[in-house]
Amino acid sequence: MCAVFGGIYCLRHSVQCLVVDKESGKCKAIIDQFGQRIMSKHFLVEDSYFSENTCSHVQYRQISRAVLITDRSVLQTDSDQQISILTVPAEEPGTSAVRVIELCSSTMTCMKGTYLVHLTCTSSETAREDLEPVVQKLFTPYAETEIENEEVEKPRLLWALYFNMRDSSHVSRNSYNDLPSNVYVCSGPDCGLGNDNAVKQAETVFQQICPNEDFCAPPPNPEDIILDGDSLQPGASESSAMSEANSETLEESANLQNSETSE
């Protein structure tokens, strides 16, 4: 929507520092990696771009994640075109339920004949410690597929990656050090299945910057959009052309009358 309504994107530009006005304490410009100064009334930034000094008092939660590639679906079905969502309840007090999302090749996220699986939960320990027990229940390690037992019926695990990432969705703006009043912070991904938290954050920031505007108003009909620089409307152009044609017709008529009179 930003691009449709004239937003400008500076690709491959990173921000080196902010220029803060001494009197107002507000950010008035940024300096990019080329040393170029870009003026700005507001600056919106994701949490991970801040320096360690800015975040020194922030207490982050962690998210445990795993990304897997398997040879078939956890859902026993004849179709190979589906998306599966599974919630595995927590087994011990103090741990979190694990959300499993499985994508097939029709989603264009993996090769044909394979499945891409995401596992996510709030961290209790490392990602491997939190998620590997669930992976072992749902999938068979590739090295064990030669063993003939009932576990071979489970999908084979072809590749796995475990990692932790910080969750800044709960962090208050006041936790950051020395932020100018016109610098707005957005969090990174959270554990939610959808993007509800991101939409709420966007609406909150929007209302702070544009308090009298509607948030995400329905876009107009493309035929009704008038871009800057379009000085003449189609109707005006047609009227102008008709006026010129009428003038030429009148001139020709006058010339014809003068010619007949002289004869």
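Cβ atoms here come from the backbone N, Cα and C positions, even for glycine.
Listed features, source TrEMBL:
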- 236-248: compositional bias 'Low complexity' (COMPBIAS)
- 252-263: compositional bias 'Polar residues' (COMPBIAS)
- 63-191: domain 'RAE1/2' (DOMAIN)
- 217-263: region 'Disordered' (REGION)
Summary of DSSP states over the domain 'RAE1/2' (63-191), given as helix, strand and coil counts: 25 helix, 45 strand, 59 coil
Segment-level pLDDT (mean, integer) for the domain 'RAE1/2' (63-191): 88
